[in-house]
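Since the structure comes first, as C-alpha coordinates, the remarks are kept for the end.
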Ligand SMILES: NC(=O)C1=CN([C@@H]2O[C@H](COP(=O)(O)OP(=O)(O)OC[C@H]3O[C@@H](n4cnc5c(N)ncnc54)[C@H](O)[C@@H]3O)[C@@H](O)[C@H]2O)[C@@H](O)CC1
Ligand SMILES: [K+]
(Lines of atoms letter the chains of each structure in order from A and count residues from 1; the text may use other names and numbers.)
(Lines give C-alpha, C1' and ligand atoms only; values in the text may rest on other atoms or scores of the structure.)
(Ligands and ions follow the chains in the order given, each with its own letter.)
Protein backbone atom coordinates (compact mmCIF):
# COMPACT_ATOMS: atom_id res chain seq x y z
CA UNK A 1 0.00 0.00 0.00
CA UNK A 2 1.33 3.39 -0.93
CA UNK A 3 2.26 5.86 1.78
CA UNK A 4 1.43 9.38 0.62
CA UNK A 5 2.88 12.67 1.79
CA UNK A 6 0.48 15.34 3.09
CA UNK A 7 0.81 17.18 -0.20
CA UNK A 8 -0.17 14.08 -2.18
CA UNK A 9 -3.20 13.52 0.07
CA UNK A 10 -4.41 17.06 -0.59
CA UNK A 11 -3.88 16.40 -4.29
CA UNK A 12 -5.88 13.15 -4.13
CA UNK A 13 -8.59 15.07 -2.34
CA UNK A 14 -8.69 17.74 -5.06
CA UNK A 15 -8.64 15.27 -7.88
CA UNK A 16 -11.58 13.34 -6.34
CA UNK A 17 -13.60 16.51 -5.97
CA UNK A 18 -12.95 17.49 -9.59
CA UNK A 19 -13.55 14.05 -11.07
CA UNK A 20 -16.69 13.23 -9.16
CA UNK A 21 -17.95 16.81 -9.45
CA UNK A 22 -18.71 16.91 -5.75
CA UNK A 23 -18.21 19.66 -3.20
CA UNK A 24 -15.52 19.35 -0.54
CA UNK A 25 -18.24 19.30 2.12
CA UNK A 26 -19.56 16.07 0.54
CA UNK A 27 -16.14 14.47 0.87
CA UNK A 28 -16.08 15.55 4.50
CA UNK A 29 -19.54 14.06 4.99
CA UNK A 30 -18.33 10.82 3.40
CA UNK A 31 -15.24 10.68 5.61
CA UNK A 32 -17.15 11.43 8.78
CA UNK A 33 -19.88 8.93 7.90
CA UNK A 34 -17.16 6.28 7.87
CA UNK A 35 -16.01 7.48 11.28
CA UNK A 36 -19.55 7.33 12.59
CA UNK A 37 -20.20 3.85 11.22
CA UNK A 38 -16.98 2.58 12.74
CA UNK A 39 -18.02 3.85 16.16
CA UNK A 40 -21.70 2.93 15.88
CA UNK A 41 -20.97 -0.66 14.87
CA UNK A 42 -18.89 -1.05 18.01
CA UNK A 43 -20.87 0.98 20.53
CA UNK A 44 -24.34 -0.04 19.33
CA UNK A 45 -25.99 2.75 21.25
CA UNK A 46 -24.06 2.33 24.53
CA UNK A 47 -24.56 5.38 26.72
CA UNK A 48 -20.92 6.17 27.33
CA UNK A 49 -19.98 9.84 27.42
CA UNK A 50 -18.29 10.88 24.18
CA UNK A 51 -16.28 14.10 24.38
CA UNK A 52 -15.36 15.50 20.98
CA UNK A 53 -12.52 18.03 20.71
CA UNK A 54 -12.66 19.74 17.32
CA UNK A 55 -10.20 22.18 15.80
CA UNK A 56 -11.21 24.91 13.35
CA UNK A 57 -9.97 23.32 10.11
CA UNK A 58 -11.23 20.34 8.17
CA UNK A 59 -10.08 17.86 10.79
CA UNK A 60 -12.30 19.72 13.22
CA UNK A 61 -15.01 19.74 10.53
CA UNK A 62 -14.85 15.93 10.41
CA UNK A 63 -15.31 15.94 14.18
CA UNK A 64 -18.39 18.19 13.92
CA UNK A 65 -20.04 15.97 11.31
CA UNK A 66 -19.33 12.94 13.51
CA UNK A 67 -20.86 14.78 16.47
CA UNK A 68 -24.01 15.53 14.47
CA UNK A 69 -24.40 11.89 13.48
CA UNK A 70 -23.76 10.61 17.00
CA UNK A 71 -26.35 13.09 18.28
CA UNK A 72 -28.89 11.97 15.68
CA UNK A 73 -28.45 8.41 16.92
CA UNK A 74 -29.01 9.30 20.56
CA UNK A 75 -25.45 9.12 21.86
CA UNK A 76 -24.42 11.17 24.84
CA UNK A 77 -22.02 13.76 23.45
CA UNK A 78 -20.19 16.90 24.52
CA UNK A 79 -18.56 18.99 21.80
CA UNK A 80 -15.69 21.43 22.30
CA UNK A 81 -14.29 23.71 19.64
CA UNK A 82 -10.58 24.24 20.26
CA UNK A 83 -10.46 27.81 19.05
CA UNK A 84 -6.77 28.08 18.22
CA UNK A 85 -7.17 30.41 15.23
CA UNK A 86 -9.76 32.60 13.55
CA UNK A 87 -8.94 31.11 10.12
CA UNK A 88 -11.82 28.66 10.24
CA UNK A 89 -12.32 26.50 7.19
CA UNK A 90 -15.53 26.85 5.18
CA UNK A 91 -16.55 23.26 5.74
CA UNK A 92 -15.92 23.65 9.47
CA UNK A 93 -18.23 26.69 9.56
CA UNK A 94 -20.90 24.97 7.51
CA UNK A 95 -20.92 21.95 9.80
CA UNK A 96 -20.91 24.11 12.91
CA UNK A 97 -24.20 25.60 11.70
CA UNK A 98 -25.60 22.17 10.89
CA UNK A 99 -24.68 20.97 14.37
CA UNK A 100 -26.39 23.95 15.94
CA UNK A 101 -29.46 23.23 13.78
CA UNK A 102 -29.60 19.91 15.62
CA UNK A 103 -29.58 21.81 18.94
CA UNK A 104 -26.01 20.91 19.87
CA UNK A 105 -24.08 23.90 21.21
CA UNK A 106 -20.36 23.37 21.43
CA UNK A 107 -18.25 24.98 24.16
CA UNK A 108 -15.47 27.12 22.75
CA UNK A 109 -12.10 26.57 24.43
CA UNK A 110 -9.48 29.28 24.24
CA UNK A 111 -6.40 30.38 26.17
CA UNK A 112 -8.45 31.54 29.18
CA UNK A 113 -10.78 28.52 29.43
CA UNK A 114 -10.71 26.04 32.25
CA UNK A 115 -9.71 22.55 31.20
CA UNK A 116 -12.83 20.37 30.88
CA UNK A 117 -13.28 17.35 33.13
CA UNK A 118 -12.55 14.06 31.40
CA UNK A 119 -13.19 10.78 33.18
CA UNK A 120 -11.13 7.68 32.36
CA UNK A 121 -14.43 6.04 31.36
CA UNK A 122 -15.25 8.63 28.70
CA UNK A 123 -14.41 8.31 25.04
CA UNK A 124 -12.45 11.23 23.64
CA UNK A 125 -12.65 12.00 19.94
CA UNK A 126 -9.53 13.86 18.92
CA UNK A 127 -10.24 16.08 15.90
CA UNK A 128 -8.08 19.07 16.86
CA UNK A 129 -5.44 18.97 14.11
CA UNK A 130 -5.15 16.74 11.07
CA UNK A 131 -2.58 16.69 8.29
CA UNK A 132 -2.73 20.48 8.04
CA UNK A 133 -0.60 21.00 11.18
CA UNK A 134 2.30 23.18 10.08
CA UNK A 135 3.80 24.53 13.29
CA UNK A 136 3.92 23.77 17.00
CA UNK A 137 0.55 24.06 18.75
CA UNK A 138 0.33 27.08 21.07
CA UNK A 139 1.16 26.37 24.69
CA UNK A 140 -2.46 26.37 25.86
CA UNK A 141 -3.42 23.91 23.10
CA UNK A 142 -0.40 21.81 24.12
CA UNK A 143 -1.67 21.87 27.70
CA UNK A 144 -5.10 20.73 26.57
CA UNK A 145 -3.44 17.86 24.66
CA UNK A 146 -1.48 16.92 27.80
CA UNK A 147 -4.69 17.08 29.82
CA UNK A 148 -6.40 14.66 27.39
CA UNK A 149 -3.38 12.33 27.58
CA UNK A 150 -3.43 12.42 31.38
CA UNK A 151 -7.15 11.58 31.50
CA UNK A 152 -6.47 7.95 30.53
CA UNK A 153 -9.73 8.00 28.55
CA UNK A 154 -9.90 5.94 25.34
CA UNK A 155 -8.83 8.42 22.67
CA UNK A 156 -9.96 7.99 19.11
CA UNK A 157 -8.02 10.21 16.72
CA UNK A 158 -9.46 11.40 13.44
CA UNK A 159 -6.92 10.89 10.61
CA UNK A 160 -3.80 11.46 12.76
CA UNK A 161 -3.04 12.05 16.45
CA UNK A 162 -3.40 15.82 16.87
CA UNK A 163 -0.05 17.57 17.20
CA UNK A 164 1.76 14.98 15.10
CA UNK A 165 2.94 16.39 11.77
CA UNK A 166 2.99 13.78 8.98
CA UNK A 167 6.17 14.80 7.18
CA UNK A 168 8.55 15.59 10.04
CA UNK A 169 9.12 15.00 13.75
CA UNK A 170 6.95 16.95 16.25
CA UNK A 171 8.13 20.39 17.37
CA UNK A 172 7.21 19.60 20.94
CA UNK A 173 6.95 15.87 21.77
CA UNK A 174 4.60 16.40 24.73
CA UNK A 175 2.09 18.35 22.59
CA UNK A 176 0.94 15.26 20.73
CA UNK A 177 -2.13 13.14 21.49
CA UNK A 178 -1.36 9.59 22.62
CA UNK A 179 -3.98 7.85 20.53
CA UNK A 180 -5.61 4.65 21.60
CA UNK A 181 -6.87 4.23 18.06
CA UNK A 182 -6.34 6.24 14.89
CA UNK A 183 -8.88 6.10 12.09
CA UNK A 184 -6.88 7.40 9.18
CA UNK A 185 -8.36 8.38 5.84
CA UNK A 186 -7.55 6.37 2.73
CA UNK A 187 -3.80 5.89 3.17
CA UNK A 188 -1.47 5.15 6.09
CA UNK A 189 0.89 7.93 7.19
CA UNK A 190 4.64 7.29 7.43
CA UNK A 191 4.83 8.65 10.99
CA UNK A 192 2.79 5.71 12.27
CA UNK A 193 5.72 3.39 11.57
CA UNK A 194 8.79 5.30 12.72
CA UNK A 195 10.26 4.69 16.18
CA UNK A 196 10.03 8.25 17.53
CA UNK A 197 6.58 9.09 16.13
CA UNK A 198 4.92 5.66 16.03
CA UNK A 199 4.78 5.73 19.84
CA UNK A 200 1.78 8.09 19.66
CA UNK A 201 -0.25 5.45 17.80
CA UNK A 202 -1.43 2.43 19.70
CA UNK A 203 -3.60 0.99 16.92
CA UNK A 204 -4.56 2.33 13.52
CA UNK A 205 -6.96 1.48 10.78
CA UNK A 206 -7.56 2.88 7.31
CA UNK A 207 -11.01 4.11 6.34
CA UNK A 208 -11.60 4.00 2.62
CA UNK A 209 -13.27 7.30 1.72
CA UNK A 210 -13.23 6.62 -1.99
CA UNK A 211 -10.47 9.00 -3.07
CA UNK A 212 -9.67 8.97 -6.80
CA UNK A 213 -8.22 5.52 -7.57
CA UNK A 214 -6.53 6.74 -10.76
CA UNK A 215 -4.62 9.34 -8.83
CA UNK A 216 -3.69 6.78 -6.19
CA UNK A 217 -2.44 4.17 -8.62
CA UNK A 218 -0.63 6.59 -10.93
CA UNK A 219 1.20 8.51 -8.24
CA UNK A 220 4.72 7.45 -7.29
CA UNK A 221 5.42 7.60 -3.58
CA UNK A 222 8.65 7.69 -1.60
CA UNK A 223 7.43 4.97 0.75
CA UNK A 224 5.33 1.85 0.50
CA UNK A 225 3.80 -0.28 3.23
CA UNK A 226 4.60 -3.95 2.74
CA UNK A 227 1.91 -6.47 3.59
CA UNK A 228 0.79 -9.77 2.14
CA UNK A 229 -0.59 -8.31 -1.13
CA UNK A 230 2.79 -6.71 -1.84
CA UNK A 231 4.94 -9.80 -1.15
CA UNK A 232 2.75 -12.51 -2.70
CA UNK A 233 3.62 -11.55 -6.29
CA UNK A 234 7.32 -11.79 -5.40
CA UNK A 235 7.05 -15.44 -4.36
CA UNK A 236 8.85 -17.84 -6.70
CA UNK A 237 7.18 -21.25 -6.60
CA UNK A 238 9.32 -24.40 -6.47
CA UNK A 239 8.96 -26.49 -9.57
CA UNK A 240 8.08 -30.17 -9.64
CA UNK A 241 11.04 -31.23 -11.80
CA UNK A 242 13.61 -29.13 -10.00
CA UNK A 243 16.60 -30.28 -7.96
CA UNK A 244 18.78 -28.71 -5.29
CA UNK A 245 21.02 -27.18 -7.93
CA UNK A 246 18.12 -24.97 -9.04
CA UNK A 247 17.95 -23.25 -5.67
CA UNK A 248 21.47 -22.00 -5.35
CA UNK A 249 24.48 -22.54 -3.13
CA UNK A 250 24.73 -20.02 -0.30
CA UNK A 251 27.83 -19.38 1.74
CA UNK A 252 27.70 -17.93 5.23
CA UNK A 253 31.02 -16.41 6.29
CA UNK A 254 31.37 -15.55 9.95
CA UNK A 255 31.86 -16.78 13.48
CA UNK A 256 34.67 -16.45 16.01
CA UNK A 257 35.46 -18.11 19.33
CA UNK A 258 32.24 -17.93 21.41
CA UNK A 259 30.14 -16.70 18.47
CA UNK A 260 29.72 -19.75 16.32
CA UNK A 261 26.01 -19.80 17.21
CA UNK A 262 25.48 -16.75 14.98
CA UNK A 263 26.60 -18.75 11.95
CA UNK A 264 24.52 -21.70 13.06
CA UNK A 265 21.40 -19.51 13.15
CA UNK A 266 22.14 -17.84 9.82
CA UNK A 267 22.96 -21.13 8.10
CA UNK A 268 19.90 -22.96 9.37
CA UNK A 269 17.58 -20.10 8.42
CA UNK A 270 19.23 -19.94 5.01
CA UNK A 271 18.37 -23.61 4.51
CA UNK A 272 14.87 -23.21 5.92
CA UNK A 273 14.06 -20.40 3.51
CA UNK A 274 14.88 -22.75 0.67
CA UNK A 275 18.53 -22.38 -0.37
CA UNK A 276 19.46 -25.58 -2.27
CA UNK A 277 22.86 -25.92 -0.60
CA UNK A 278 24.49 -24.06 2.27
CA UNK A 279 28.16 -23.95 3.19
CA UNK A 280 29.48 -22.17 6.26
CA UNK A 281 32.98 -20.69 6.34
CA UNK A 282 34.14 -20.40 9.97
CA UNK A 283 37.27 -20.61 12.14
CA UNK A 284 38.35 -24.09 13.23
CA UNK A 285 36.91 -23.90 16.76
CA UNK A 286 33.36 -24.14 15.42
CA UNK A 287 33.78 -27.18 13.23
CA UNK A 288 32.45 -29.89 15.54
CA UNK A 289 29.59 -27.93 17.00
CA UNK A 290 28.33 -26.72 13.64
CA UNK A 291 28.57 -30.13 11.97
CA UNK A 292 26.72 -31.65 14.90
CA UNK A 293 24.06 -28.96 15.14
CA UNK A 294 23.06 -28.87 11.45
CA UNK A 295 24.04 -31.96 9.45
CA UNK A 296 22.62 -30.44 6.26
CA UNK A 297 25.16 -27.61 6.23
CA UNK A 298 28.64 -28.14 4.81
CA UNK A 299 31.50 -26.57 6.73
CA UNK A 300 34.75 -25.03 5.53
CA UNK A 301 37.26 -23.73 8.04
CA UNK A 302 39.99 -21.13 7.80
CA UNK A 303 43.54 -21.74 9.01
CA UNK A 304 43.06 -20.23 12.49
CA UNK A 305 41.44 -21.69 15.57
CA UNK A 306 39.54 -18.67 16.96
CA UNK A 307 38.90 -16.25 14.14
CA UNK A 308 38.91 -15.77 10.42
CA UNK A 309 42.18 -14.50 8.95
CA UNK A 310 41.62 -15.30 5.27
CA UNK A 311 38.55 -16.20 3.24
CA UNK A 312 38.99 -18.82 0.49
CA UNK A 313 35.97 -20.42 -1.08
CA UNK A 314 36.91 -23.17 -3.53
CA UNK A 315 33.80 -22.86 -5.71
CA UNK A 316 31.55 -20.18 -7.16
CA UNK A 317 28.79 -19.52 -4.61
CA UNK A 318 25.41 -18.12 -5.68
CA UNK A 319 25.54 -15.60 -2.86
CA UNK A 320 27.46 -14.82 0.30
CA UNK A 321 26.13 -13.71 3.67
CA UNK A 322 28.98 -12.29 5.69
CA UNK A 323 29.64 -10.75 9.08
CA UNK A 324 27.58 -12.62 11.68
CA UNK A 325 29.71 -13.33 14.77
CA UNK A 326 32.87 -12.57 12.77
CA UNK A 327 34.45 -10.27 15.40
CA UNK A 328 36.88 -7.44 14.75
CA UNK A 329 40.31 -8.98 15.07
CA UNK A 330 42.89 -7.06 12.98
CA UNK A 331 43.47 -10.07 10.74
CA UNK A 332 39.74 -10.56 10.29
CA UNK A 333 39.43 -6.92 9.22
CA UNK A 334 42.10 -7.28 6.58
CA UNK A 335 40.72 -10.65 5.43
CA UNK A 336 37.31 -9.01 5.01
CA UNK A 337 38.84 -6.09 3.08
CA UNK A 338 40.67 -8.45 0.70
CA UNK A 339 37.53 -10.54 0.27
CA UNK A 340 35.46 -7.47 -0.69
CA UNK A 341 38.04 -6.49 -3.33
CA UNK A 342 37.98 -10.00 -4.78
CA UNK A 343 34.20 -10.40 -4.99
CA UNK A 344 31.97 -8.74 -7.51
CA UNK A 345 28.58 -10.34 -7.03
CA UNK A 346 26.21 -8.85 -4.42
CA UNK A 347 26.39 -10.10 -0.86
CA UNK A 348 24.51 -9.67 2.41
CA UNK A 349 26.54 -7.90 5.11
CA UNK A 350 25.56 -7.85 8.77
CA UNK A 351 26.78 -7.31 12.33
CA UNK A 352 30.58 -6.97 12.69
CA UNK A 353 30.81 -6.91 8.89
CA UNK A 354 29.01 -3.54 9.14
CA UNK A 355 31.10 -2.36 12.08
CA UNK A 356 34.27 -3.10 10.12
CA UNK A 357 32.89 -1.03 7.23
CA UNK A 358 32.07 1.90 9.48
CA UNK A 359 35.56 1.87 10.97
CA UNK A 360 37.19 1.46 7.57
CA UNK A 361 34.98 3.55 5.28
CA UNK A 362 37.50 3.22 2.43
CA UNK A 363 36.27 -0.40 2.13
CA UNK A 364 32.77 0.78 1.23
CA UNK A 365 33.67 1.40 -2.39
CA UNK A 366 34.73 -2.27 -2.66
CA UNK A 367 31.34 -3.57 -1.53
CA UNK A 368 29.77 -5.12 -4.65
CA UNK A 369 26.92 -3.01 -6.02
CA UNK A 370 23.38 -4.04 -5.07
CA UNK A 371 24.65 -5.75 -1.92
CA UNK A 372 22.37 -5.74 1.11
CA UNK A 373 23.41 -4.11 4.40
CA UNK A 374 21.25 -5.00 7.41
CA UNK A 375 22.10 -2.58 10.24
CA UNK A 376 20.22 -2.18 13.49
CA UNK A 377 20.00 1.50 14.57
CA UNK A 378 23.38 1.53 16.38
CA UNK A 379 25.18 -0.05 13.43
CA UNK A 380 23.43 2.40 11.11
CA UNK A 381 24.56 5.34 13.22
CA UNK A 382 28.14 4.13 12.97
CA UNK A 383 27.76 4.01 9.19
CA UNK A 384 25.94 7.28 8.48
CA UNK A 385 26.44 9.38 11.61
CA UNK A 386 24.00 10.83 14.13
CA UNK A 387 20.46 11.96 13.25
CA UNK A 388 18.08 14.25 15.09
CA UNK A 389 14.80 12.80 13.77
CA UNK A 390 13.55 9.67 12.05
CA UNK A 391 13.13 11.72 8.88
CA UNK A 392 16.75 12.83 8.92
CA UNK A 393 17.80 9.23 9.51
CA UNK A 394 15.84 8.06 6.46
CA UNK A 395 17.23 10.84 4.28
CA UNK A 396 20.82 10.13 5.33
CA UNK A 397 20.41 6.39 4.85
CA UNK A 398 18.85 6.95 1.40
CA UNK A 399 21.78 9.12 0.38
CA UNK A 400 24.23 6.52 1.68
CA UNK A 401 22.43 3.70 -0.18
CA UNK A 402 22.45 5.75 -3.39
CA UNK A 403 26.12 6.72 -3.05
CA UNK A 404 27.24 3.08 -3.03
CA UNK A 405 24.28 1.63 -4.96
CA UNK A 406 23.31 -0.61 -2.05
CA UNK A 407 20.18 -1.84 -0.34
CA UNK A 408 20.00 -0.72 3.27
CA UNK A 409 17.68 -2.62 5.59
CA UNK A 410 17.12 -0.55 8.73
CA UNK A 411 16.00 -3.05 11.34
CA UNK A 412 13.39 -2.09 13.90
CA UNK A 413 9.74 -2.56 14.88
CA UNK A 414 8.88 -1.62 11.30
CA UNK A 415 11.99 -2.49 9.36
CA UNK A 416 12.51 -0.14 6.41
CA UNK A 417 14.28 -1.39 3.28
CA UNK A 418 15.79 1.48 1.29
CA UNK A 419 16.68 1.17 -2.35
CA UNK A 420 16.85 3.53 -5.27
CA UNK A 421 15.39 6.45 -3.35
CA UNK A 422 12.41 4.47 -2.10
CA UNK A 423 11.56 2.99 1.32
CA UNK A 424 9.61 -0.24 1.88
CA UNK A 425 8.06 -0.32 5.35
CA UNK A 426 7.44 -3.76 6.83
CA UNK A 427 4.29 -4.63 8.77
CA UNK A 428 5.09 -7.99 10.36
CA UNK A 429 7.01 -8.75 13.56
CA UNK A 430 6.66 -8.12 17.28
CA UNK A 431 8.68 -7.12 20.36
CA UNK A 432 9.44 -10.79 21.12
CA UNK A 433 11.87 -10.64 18.21
CA UNK A 434 14.09 -8.16 20.05
CA UNK A 435 16.29 -11.04 21.12
CA UNK A 436 19.81 -12.36 20.57
CA UNK A 437 20.34 -13.90 17.15
CA UNK A 438 17.18 -12.53 15.54
CA UNK A 439 19.31 -10.51 13.11
CA UNK A 440 21.46 -13.55 12.23
CA UNK A 441 18.26 -15.32 11.20
CA UNK A 442 17.31 -12.40 8.95
CA UNK A 443 20.75 -12.42 7.31
CA UNK A 444 20.41 -16.13 6.60
CA UNK A 445 16.93 -15.68 5.18
CA UNK A 446 17.84 -12.85 2.80
CA UNK A 447 20.93 -14.77 1.68
CA UNK A 448 18.89 -17.93 1.06
CA UNK A 449 16.32 -16.04 -1.01
CA UNK A 450 19.00 -14.44 -3.19
CA UNK A 451 20.46 -17.93 -3.75
CA UNK A 452 17.13 -18.99 -5.24
CA UNK A 453 17.10 -16.18 -7.78
CA UNK A 454 15.24 -13.41 -5.99
CA UNK A 455 16.76 -10.01 -6.79
CA UNK A 456 18.62 -8.55 -3.82
CA UNK A 457 15.92 -5.93 -3.25
CA UNK A 458 13.08 -8.46 -3.46
CA UNK A 459 14.96 -10.85 -1.20
CA UNK A 460 15.33 -8.03 1.33
CA UNK A 461 11.67 -6.95 1.28
CA UNK A 462 10.33 -10.50 1.18
CA UNK A 463 12.89 -11.81 3.70
CA UNK A 464 12.06 -9.06 6.19
CA UNK A 465 8.34 -9.76 5.80
CA UNK A 466 8.73 -13.55 6.23
CA UNK A 467 11.09 -13.10 9.20
CA UNK A 468 8.45 -10.95 10.95
CA UNK A 469 5.70 -13.37 10.04
CA UNK A 470 7.71 -16.29 11.46
CA UNK A 471 8.09 -14.17 14.61
CA UNK A 472 4.35 -13.50 14.79
CA UNK A 473 3.56 -17.19 14.43
CA UNK A 474 6.19 -18.10 17.02
CA UNK A 475 4.83 -15.49 19.45
CA UNK A 476 1.32 -16.86 19.11
CA UNK A 477 2.42 -20.02 20.91
CA UNK A 478 5.54 -18.93 22.83
CA UNK A 479 4.61 -15.41 23.85
CA UNK A 480 7.12 -12.59 23.54
CA UNK A 481 9.55 -13.25 26.38
CA UNK A 482 10.28 -16.91 25.62
CA UNK A 483 10.78 -16.32 21.92
CA UNK A 484 14.31 -17.30 20.88
CA UNK A 485 15.98 -16.86 17.50
CA UNK A 486 16.03 -20.61 16.97
CA UNK A 487 12.23 -20.61 17.44
CA UNK A 488 12.04 -18.12 14.57
CA UNK A 489 13.90 -20.55 12.32
CA UNK A 490 11.44 -23.31 13.24
CA UNK A 491 8.57 -21.10 12.09
CA UNK A 492 9.91 -20.12 8.66
CA UNK A 493 8.02 -23.02 7.06
CA UNK A 494 4.72 -22.01 8.62
CA UNK A 495 5.37 -18.43 7.54
CA UNK A 496 5.43 -19.59 3.92
CA UNK A 497 2.18 -21.53 4.47
CA UNK A 498 0.60 -18.53 6.14
CA UNK A 499 1.23 -16.50 2.98
CA UNK A 500 -1.18 -18.72 1.09
CA UNK A 501 -3.74 -19.37 3.80
CA UNK A 502 -7.23 -18.37 2.75
CA UNK A 503 -9.12 -16.42 5.40
CA UNK A 504 -11.62 -18.77 7.03
CA UNK A 505 -15.20 -18.30 5.85
CA UNK A 506 -17.41 -16.93 8.55
CA UNK A 507 -19.64 -19.68 9.88
CA UNK A 508 -23.23 -18.56 9.93
CA UNK A 509 -25.14 -19.65 12.99
CA UNK A 510 -28.14 -21.51 11.59
CA UNK A 511 -29.70 -22.51 14.91
N1 LIG B 1 -8.45 14.09 1.53
C2 LIG B 1 -8.74 13.69 2.72
O3 LIG B 1 -8.17 12.70 3.14
C4 LIG B 1 -9.76 14.39 3.50
C5 LIG B 1 -9.37 15.12 4.60
N6 LIG B 1 -10.22 15.59 5.48
C7 LIG B 1 -9.73 16.17 6.75
O8 LIG B 1 -9.03 17.35 6.55
C9 LIG B 1 -7.89 17.37 7.38
C10 LIG B 1 -6.95 18.43 6.94
O11 LIG B 1 -7.62 19.63 7.14
P12 LIG B 1 -6.97 21.08 7.08
O13 LIG B 1 -6.12 21.20 5.89
O14 LIG B 1 -8.06 22.06 7.23
O15 LIG B 1 -6.00 21.13 8.32
P16 LIG B 1 -6.18 20.77 9.85
O17 LIG B 1 -7.60 20.60 10.21
O18 LIG B 1 -5.25 19.67 10.14
O19 LIG B 1 -5.61 22.08 10.55
C20 LIG B 1 -6.34 23.28 10.47
C21 LIG B 1 -5.56 24.50 10.08
O22 LIG B 1 -4.91 25.07 11.18
C23 LIG B 1 -3.76 25.81 10.79
N24 LIG B 1 -2.67 25.38 11.65
C25 LIG B 1 -1.73 24.45 11.40
N26 LIG B 1 -0.94 24.27 12.46
C27 LIG B 1 -1.40 25.12 13.41
C28 LIG B 1 -1.00 25.40 14.74
N29 LIG B 1 0.01 24.76 15.30
N30 LIG B 1 -1.70 26.30 15.44
C31 LIG B 1 -2.75 26.93 14.89
N32 LIG B 1 -3.16 26.73 13.64
C33 LIG B 1 -2.51 25.82 12.91
C34 LIG B 1 -3.52 25.53 9.35
O35 LIG B 1 -3.85 26.65 8.61
C36 LIG B 1 -4.46 24.35 9.05
O37 LIG B 1 -4.98 24.36 7.78
C38 LIG B 1 -7.45 15.93 7.33
O39 LIG B 1 -6.56 15.58 8.34
C40 LIG B 1 -8.77 15.22 7.45
O41 LIG B 1 -9.15 15.07 8.79
C42 LIG B 1 -11.63 15.23 5.39
O43 LIG B 1 -12.45 16.28 5.76
C44 LIG B 1 -12.09 14.78 4.05
C45 LIG B 1 -11.15 14.31 3.08
K1 LIG C 1 -6.73 14.46 14.83
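Yeah, the Cβs are placed from backbone N, Cα and C, and that goes for glycine too.
K(+) binds 126, 162 as TrEMBL records it, and from the list 59, 71, 83, 218 the residue named for this site is 59. Here TrEMBL has 411, 412, 413, 414, 415 binding AMP, and the candidate from 385, 432, 437, 439 in that same listed site is 439. Per-residue pLDDT, averaged over the domain 'YjeF C-terminal' (227-499), rounds to 97.
For the pair formed by residue 61 ((6S)-NADPHX binding site) and residue 126 (K(+) binding site), distance between Cα atoms is given as 12 Å, rounded to the nearest Å. Comparing local CB density within 10 A for the binding-site residues 376, 411, 414, the maximum falls on 411. Of the listed binding-site residues, namely 126, 159, the sparsest Cβ surroundings within 10 Å are found at 159. In the three-state DSSP scheme, residue 61 ((6S)-NADPHX binding site) is classed as helix.
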